[in-house]
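Written below as structure tokens is the structure these notes are about.
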Amino acid sequence: MATILQSIPKEASVTKIEYEGPRIALYTNAPRYLMENNETISNLVNIIKKRIVVRTDESIRKPEDEARRIIAECVPEEAKLQGTIFDTATGEVSVEAKRPWLLQRNAKEFNHAEVTEKMGWKLRIRKATTIPSRTIQTINATLKQSSAERSKQLKQVGDEIFRPRLSQRTEVSLYTLGGFGQVGRSSLLLSTPESKILIDCGINPGARSPMDAFPRLDSLDITLDDLDAIVIGHAHLDHTGFLPALCKYGYKGPIYCTEPTLPMMNLIQLDAIKVASAQGRTPIYSERDVKQIMRQTITLPYGTVTDISPDIKLVLANAGHILGSALCHFHIGNGDHNFVYSGDIKFGKSILFEAASWNFPRVETLLIESTYGLKEDIQPTRQEVESAFINAVNNTLADGGKVLIPIPAVGRAQEIMMVIDHYMKSGEMIEAPVFTEGMISEASAIHESYPEYLAKELKQKILETDDNPFDSEYFTNIEHGDAREEPMRENSPCIILATSGMLEGGPVLEYFKNIAPDKKNKVLFVSYQVNGTLGRRVLDGSKQATMLGKEGKVEVVTINCGVEKLDGFSGHSDYNQLMSFVQRLRPKLRRVLVNHGERKKSENLAMNIRRMYRVPAHYPQIQEAIKLF
Ligand SMILES: [Zn+2]
């Protein structure tokens, strides 16, 4: 505080300095001065080596109604203002516009410093989505309701992060809790004499017994209060499915993840409650626990160094796997040891995301996934799979048939939508209406809300032009079951994307009943079909499927339609990509650990890393302790 007060000019009119979680919040009566002299803050950050955020003092914030009116007056009409969201805990107002590029910092017609000075709230410009995301609306409402409680918590979190270290000695250990020698329930504990960080907290959706389904937290001799933080790499259930249960049983500390990971995991966690209830199982947590996650989460952008405990700094970096997915880089002690947890990574560019980042200043230990750890786990290139996809769709549409794509709502669906939009616009794919049903439109709305996290070209399209592929005229979302008439109408070729991806429940089944009997049509799989699912049986050539129809009667569906499967749209790196990722990091690596794969895949990847790159590599099992430093 003394350093800040000494180095900051009087004109900055600082009223208060406070911890705000891992950041230092500097409150000011003169936001305009700091905005116009932004080198003042960057100089300060260089001196104190902590993150600083500028906040406007409560006393200068105009009441929301008035501030809203001022914004509406200042925003030029062409920008198409859609709404404003006020966060009292941070004094930020999000301004949502259809054409946000007209409101950027350097925009002529909209001077940030001037508008901020007029209304006293800090501006954040956001792209208004085609359809608003209900999940993000719930998060905003929850944060608003809990802003007083949250401000208090953030101060407390800061107090704990910035307390003096108890010992100067650095020791680092890892405890494996789930997702080793298997896919599912990813979880591990990073431990030093100073701090305990839980990384990921998933479930194994296929397992029924708690000992197989949940991370083995029971094997640790700690309580939830001993955890300094939980870090979440990405939203999938096998990485986040047990997190609400920890909140239910009393975890009160911070949860760190990227901004889009929060709504994505909430969406998936809430859906898991519905699925469990539909299957007659008791969900392990309730909606209330998911809302609690919203209150405890501190989101971080990619690439920002953040203190999360007295001796650990965290950087999240793009993992290329799903929206917001992150590699987690932990800088421990005074740089004594650097540990990178890959989570699920795609080391290859897709339409949605850039390839995973690899450019870390230092990494001594890498923990890498091995979903495709066998040498024969080689995927076709994106170009190959995209042209196969175009052919598969064109053949059916040209014959006047319908293409049904059973699809997981999150990630894959958006990728396929972008591919369809791209090739229909370029003329390589026959133009036809595309219908989506299930959670797809909600997941798309979340993607569209965070263009900064998407691949460069896609981000540019959304943020800087009116040509937004998510708003494409090809797509129609089916909101209710009774609106299926159009996609099901006879002799009208179309593409249907519906959940679930393996024909296990969801609206896709209704379309399947309608489409399967006619040989003009096609079921096109673009994701993995697990043994024992209807999807797998159809893929293996079943000619009949028995399904539950209306009023619980058993219906027999004859399968005459074409069936095809395309590999290569995976969000995981194939074997070659995993190996080249390790090779990029090799110069500094001292050890590689392998997880997130069937045992033989993890074993093979570890063996080949040892052999080819001469780096010690092994594949721990669950409930092992590994000394890193
Ligand atoms: Zn994943």
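In case you wondered, yes, glycine gets a Cβ from its N, Cα and C as well.
Nobody curates TrEMBL annotations by hand; they come from automatic prediction.
Record check: TrEMBL places HIS234, HIS236, HIS321 at the Zn(2+) 1 site, and the matching candidate among ASP212, ASP218, ASP289, ASP344 is ASP344. HIS596 is the only one of HIS480, HIS596 that TrEMBL places in the Zn(2+) 2 site (with ASP238, HIS239, ASP344). Looking at the stretches 512-570, 571-629, the one that TrEMBL records under the feature region 'Metallo-beta-lactamase C-terminus' is 571-629.
Proximity to ligand 1 at the level of Cβ atoms, with a cut-off under 6 angstroms, picks out HIS236, ASP344 from the binding-site residues HIS236, ASP344, HIS596.
Same-chain residues with CB within 8 A of the center of the HIS234, HIS236, HIS321, ASP344 CB atoms, the Zn(2+) 1 site residues themselves not counted, are GLY233, ALA235, HIS239, ALA319, ILE322, SER325, GLY343, GLY571. Other C-beta atoms found within 10 angstroms of the C-beta of ASP344 (Zn(2+) 1 binding site) number 25, with every protein chain shown included. Here the C-alpha separation of HIS234 (Zn(2+) 1 binding site) and HIS596 (Zn(2+) 2 binding site) works out to 14 Å. For the recorded Zn(2+) 2 site, residues ASP238, HIS239, ASP344, HIS596 set the reference point as the centre of their Cβ atoms, and the other residues of that chain within 8 Å of it by Cβ are GLY179, VAL183, GLY184, SER186, ASP200, GLY202, GLY233, HIS234, HIS236, GLY343, GLU369. Long-range C-beta contacts of HIS239 (Zn(2+) 2 binding site), restricted to its own chain and to partners at least six residues apart, with a cutoff below 8 Å, comprise SER186, ASP200, CYS201, GLY202, ILE232, GLY233, GLY343, ASP344. A gap of 14 Å separates the Cα atoms of HIS596 (Zn(2+) 2 binding site) and HIS321 (Zn(2+) 1 binding site).
Under DSSP, the residues of the domain 'Beta-Casp' (413-538) split into helix, strand and coil as follows: 59 helix, 16 strand, 51 coil. For the binding-site residues listed here (HIS234, HIS236), the lowest count of other CB atoms within 10 A around the CB belongs to HIS236.
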